[in-house]
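A.B. asks: One structure coming up, written as structure tokens, with questions to follow.
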Amino acid sequence: MNVEKLKKMKGKEKIVMVTAYDAPSARIARDAGIDVILVGDSLGNNVLGYENTIPVTMEEMLIHVAAVKRGAPDAFIVADMPFLSYQTSVEKAVENAGKFLKVGANAVKIEGGEEFGELVQKLVESGIPVMGHIGLTPQFVNRFGGYRVQGKTEKNREYLLRSARELEKRGAFAIVLELVVEEVAKEITESVSIPTIGIGSGRFCDGQVLVWHDLLGLNPDFAPRFSKKYANLYEVILKALQEFRREVKEGLFPTEEHSFTDKSKGGVSS
């Protein structure tokens, strides 16, 4: 997969993107035939225990992007630019985005609308592919006053449309639409020539993205309406750990089968 192939999928084949934060997850995503792996700054609240994405640092993101690359070296990987890694200056943004490509990302994702058009253009001119992200942008949640659906007012609808067109004009190869009302997401999708990838933005985007922990049911305390739980791995893992604990406590594990003697043959693997 590459930028040009993704762009050609618009209107022909739905794009599938998932988040992944480590090598084993990336390998599974690759083996499942996922088109794009996003190393999201959602790392913060899904893996690092932060309340939201705002505390996530460049250093943390770089570690996880590199891990994902090792797990799926041939995958198309997009790295989220974390809070304040690109907002302070164009020069700083180019420097930070370049770091992601050096550790294995194929592109970066930037939250924000038309006000970041010049920055997107500079990144693209520097050889860094950019995926835009408009609608609900979690890094700006304090400005929105919470996690609210976007596109409900005419003013906001017009802003989102302008932003999508500006990002396209400046060279973005795709745009994530997050929590945008379905009608507006459809209008945006039809108004630009680059793919839109929706999350909580209805049926008419060119692709869909979900967070790893949401679609696999790894967080029992969070069930967003826009997501779908395709598995309940929290319960699967919980039961496995409970069974392990029980067998150790009762002396049922390890058995002779799991032990070595001076007559054992072969190596560690079975």
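From the backbone N, Cα and C atoms, a Cβ is placed for every residue, glycine too.
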A.B. asks: Record says Asp41, Ser42, Lys109 bind 3-methyl-2-oxobutanoate. Source is Swiss-Prot. Which of Asp74, Asp80, Asp206 does it list for that same site?
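C.D. replies: The one candidate that Swiss-Prot places in that 3-methyl-2-oxobutanoate site: Asp80.
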A.B. asks: Could you state the whole-number distance in Å separating the C-alpha atoms of Glu111 (Mg(2+) binding site) and Ser42 (3-methyl-2-oxobutanoate binding site)?
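C.D. replies: So the Cα of Ser42 (3-methyl-2-oxobutanoate binding site) lies 13 Å away from that of Glu111 (Mg(2+) binding site).
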A.B. asks: Can you tell me how spread out the 3-methyl-2-oxobutanoate site is, meaning the largest CA to CA distance among Asp41, Ser42, Asp80, Lys109, in Å?
C.D. replies: 12
